[in-house]
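A.B. asks: Please find one structure pasted underneath; my questions will follow.
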Amino acid sequence: MGTPSDRVPLAERVEELLAVGGPLPIVAAGDPVLRRAAEPYDGQVAPALFERFVEALRLTMHAAPGVGLAAPQVGVGLRVAVIEDPAPVPDEVRVARGRVPQPFRVLVNPSYEPAGAGRAAFFEGCLSVPGWQAVVARHAEVRLRAHDEHGRAVDEVFAGWPARIVQHETDHLDGTLYLDRAELRSLASNAAMAELWSQPTPRRAASALGFELPGPAA
């Protein structure tokens, strides 16, 4: 049995959310909307309303704060996500994780595929699973295909941390949470992360907590 919001047309759901104003409430793990494949965007939401919704996603992402947000995370099962990362990290973290600034991007109907055999494993978290982080091994490079908010085609290769963000947010649109791909022995509270595992890579955590990392890219 679905929740009442499941039966509301997408455009009406978006209108309801935007009527409140300010950052949108973020849906937590356990809500069915996070476990269903999102509906591809094909004009179900009128252009002016869609533009407002994208801006609300951006505002909510900044307020959280986070580096990405998918529409299902605010209760809208639409295949749309936003990403942006100012990458305010020390140089050693930037180098180890390949974390470079990313401008604001809107991803409409995105999909990705690996661009090479490399894998990279790092701690990551999720706004829908607050308070926790875990190590996830992901493709080191991916080819993203999508459209932007203006309907222009996107076909681009992302590497390093931007590739991780693309994978994380696109996974949301397929009903997949990062914990589905995580090494669960690495699961750590934010407090434990700050106290014990703030190093640029998770090698020390892997040794202490007893989990394996993929090859040299880890």
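Each residue, glycine too, has its Cβ placed from N, Cα and C.
For reference, Swiss-Prot lists these features for the protein:
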type: BINDING; residues: Cys126, His168, His172; note: Fe cation binding site
type: ACT_SITE; residues: Glu169; note: active site
A.B. asks: Would you count the other C-beta atoms found within 10 angstroms of the C-beta of Cys126 (Fe cation binding site) for me?
C.D. replies: 25
A.B. asks: Centre the Cβ atoms of Cys126, His168, His172, go out 8 Å, and tell me which other residues of that chain have a Cβ in range of the Fe cation site.
C.D. replies: Gly68, Ala70, Gln73, Leu127, Ser128, Glu169, Asp171, Leu177, Tyr178
A.B. asks: Would you identify the secondary structure of Cys126 (Fe cation binding site) according to DSSP, in three states?
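C.D. replies: DSSP call for Cys126 (Fe cation binding site): coil, neither helix nor strand.
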A.B. asks: Suppose we draw a 10 Å sphere around the Cβ of His168 (Fe cation binding site). How many other Cβ atoms does it contain, all chains included?
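C.D. replies: For His168 (Fe cation binding site), the count of other Cβ atoms within 10 Å is 24.
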A.B. asks: Taking only same-chain residues 6+ apart in sequence, whose CB is under 8 Å from that of Glu169 (active site), what do you get?
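C.D. replies: Listed in sequence order, they are Gly68, Leu69, Ala70, Ala81, Val82, Ile83, Leu107, Pro110.
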A.B. asks: Counting only residues 6+ away in sequence within the same chain, which have a CB under 8 Å from the CB of His172 (Fe cation binding site)?
C.D. replies: Leu34, Ala38, Ala70, Pro72, Gln73, Ala81, Ser128
